[in-house]
Each structure stands twice: as structure tokens, then as C-alpha cells.
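This report concerns only the one structure given below.
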Amino acid sequence: MRYLTSGESHGPQLTVIVEGVPANLEVKVEDINREMFKRQGGYGRGRRMQIEKDTVEIVSGVRNGYTLGSPITMVVTNDDFTHWRKIMGAAPISDEERENMKRTITKPRPGHADLVGGMKYNHRDLRNVLERSSARETAARVAVGALCKVLLEQLDIEIYSRVVEIGGIKDKDFYDSETFKANLDRNDVRVIDDGIAQAMRDKIDEAKNDGDSIGGVVQVVVENMPVGVGSYVHYDRKLDGRIAQGVVSINAFKGVSFGEGFKAAEKPGSEIQDEILYNTELGYYRGSNHLGGLEGGMSNGMPIIVNGVMKPIPTLYKPLNSVDINTKEDFKATIERSDSCAVPAASIVCEHVVAFEIAKALLEEFQSNHIEQLKQQIIERRQLNIEF
């Protein structure tokens, strides 16, 4: 299973082609659009999300509500393109027209791809870099993840997310499954404790008023995974390695951990390893889940717990110092419309990126041409956990 996205932030549309989805999977576009809507929300979002109405159009690979087994193409229209048609269109424009529109960027923003991307691809107008490196591309990745969540639901695998920390203000590290699921999306910062939610809003407002931005930590949980997905045999087949690569490929994500993560370094092994237990109903299970459902690069049947660290968004309304690439003079960096905090939205993006990595790993483990075949193999693997 793989996908390829295309499109620029202010171009006409984002397009994604997904290959490897089994045939006969029931897909409703409203299910995908419901997930797309979640990405647009969250306290601290900028004006761009008031312009866009992200909805997906499926243009191939699905017929009469069911996948065909062929590549699935989805399109997300950029409504803001109406204001950028001339500058972002494919047709050539004159230097005079470009200058009159004041859209050329020569002052790179610290923390963005602007300067290094301009060097790498020889772009003197850094808009050519920022348009593709923008987090707008994550809308297409959420569409892919939403499709994967439909697949996972058919396999009785649940995936959900929350915010753990914003700007140094922390929610509890872990909640039991029922509390977690019962409180999803209860507020606009996606934390479970309402008192902490208000403190986070105040912190976001403070950053916005200062022309600054703040980051945080998000958590994704995958429940009811069959055992043995991934492999200890080769480095590139380890499930935690694949999930980690997916998470840190999200714009502004700078770290990832599993289970107790970096706190494991503070404790002795006797407090971190999860003891193995058995009963006839569950089969093998663990007495705790400090390792986050992963052992030896494989799922062990316990919930997979993924923690992702997002740095503050580098576009600031109180811009940092930079250098004009044409004149080499010191300037304040270019200001582009942006969010003061995108951590709540990033938790949704992270959830869908993990959903893709899980679905991809499952389809490699249980190679299937159609959904019925895949379901049967999953049933057999779950039974193995009891009978082994």
C-alpha cells in the first residue's frame, strides 16, 4: 500500500492517489469528509481554515460505494485559489505582473524550508518552496488516513488521538481506554480535563497576542491490533520504526516515542518491562503497557501508544531576523498567514498518518486482494494468540 500527493498550498487543488487498498471495502465519502472536518478545527487556528471547506471528491477506484482494488484518486479543492489564480496558475506571467502582485518572496523564514529549499532547487522566488512545503499538504494525508480508518474499522481495530501538552501545560499522561474514548473532541484543544483545556486556551491567546506561536505533544492510540505485525528480522520491517518515520515526516514534528517513551530512561527495567500473562479468553496479554504495545519491532496485542512532539509553528507575526537572498541585507522574515497553535489539528493529522502506517503494515503481513480475505486472516492471527 502506498500513496502519492500533489498540489501547492494556494494552487487549485490537492490530489492523492492511493494504491493497494483491497477490493470490496465499503467506502462512504461522508466518512472521509467527517475526518477532514476535524483537521480544520482546534483552538489557535488561523484565518485560512475559515476560507477552506475541505471536502474530498473520489474520482477513481471506488464504484457504487465499494473499492475496486485499483488505485483510488481523491481530490481536495483549494477554495483560496480564487484569490491566487494569477500568481499560482500554470500560465506564464511577466516580471512586471509578478512585481505588481507583490507575491515574490526573497526573505526566508527561520525554521521553514524556504532558504535550504531555494538553494537545493535553485528557486530565487522562495514561494516556489513554501507552497509545497506548507502543512496544507496534510489535508491530503488526512484523506488517506481516513480511508485507512475505514479499512481498520472493518478489522475491528480502533484508532483515536488527543492532545497531551500545549506550551508546557500538560494533561495526564495516560487515561484508561473507556475514559479516553468517551471524551474525544469534548473541547477545542482536544484534552480530557476541561480545567487544563482553559489553561491551554489562555496560553494560546498569550502567544497570539505576543505575535508568537507554541507547540506541544499529541498522543495516538491503536486498539485491538493482532499480534506479530511488523518484524524483528530486518530494521526496515520494524513497526515502531515505520510509525516513527511517518510521524516525524509531519510538518513541524520533531520527536516521537512509544508508551512511556523517554520516561523509560528514568526507571529500572523491573518497572518498565511488561509482564506476560495468560487466560483462556484473551490468550497472552501483558500486565501493564509501559512499552506501548510494541516489542521487538512487532505488535504484541496491547494498545499501541504513540506520542508525537510538535515544535511551535515557525511563521511568526513578530518575525525573527533573516537575510534577503537578493540583497544579502538583514530584514525581518516574511510574514505568511498562519496559526498561533496547531497542536489540536496536528493530533488529527498524526492519528491519520499512524492509521496509514498501521494499514500498510497489516496489508504486508496479510496479503489480500479483497476485504473478505483480509478479515479471515486477521481472525486466524487473533486465534493464534489464544492457541499458541
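For all residues, glycine too, the Cβ spot is worked out from N, Cα and C.
Under the heading NADP(+) binding site, Swiss-Prot lists Arg39, Arg45. In three-state terms derived from DSSP, Arg39 (NADP(+) binding site) belongs to a helical segment. Using a 10 Å radius centred on the Cβ of Arg39 (NADP(+) binding site) and all shown protein chains, the other Cβ atoms total 26.
Long-range Cβ neighbours of Ser134 (FMN binding site) (same chain, at least 6 residues apart, Cβ-Cβ under 8 Å): Glu8, Ser9, Asn251. Swiss-Prot lists Arg132, Ser133, Ser134, Asn251, Ala252, Gly296, Lys311, Pro312, Ile313, Pro314, Thr315, Arg337 with the feature FMN binding site, giving sequence analysis as the kind of evidence.
If you count neighbouring Cβ atoms within 10 Å for each of the binding-site residues Arg132, Lys311, the highest count belongs to Arg132. The two recorded residues Thr315 (FMN binding site) and Arg39 (NADP(+) binding site) have their Cα atoms spaced 19 Å from each other. Listed binding-site residues: Ala252, Ile313. The one with the lowest count of other Cβ atoms within 10 Å of its Cβ is Ala252. Calculated from their C-alpha atoms, the gap between Arg132 (FMN binding site) and Arg39 (NADP(+) binding site) amounts to 19 Å.
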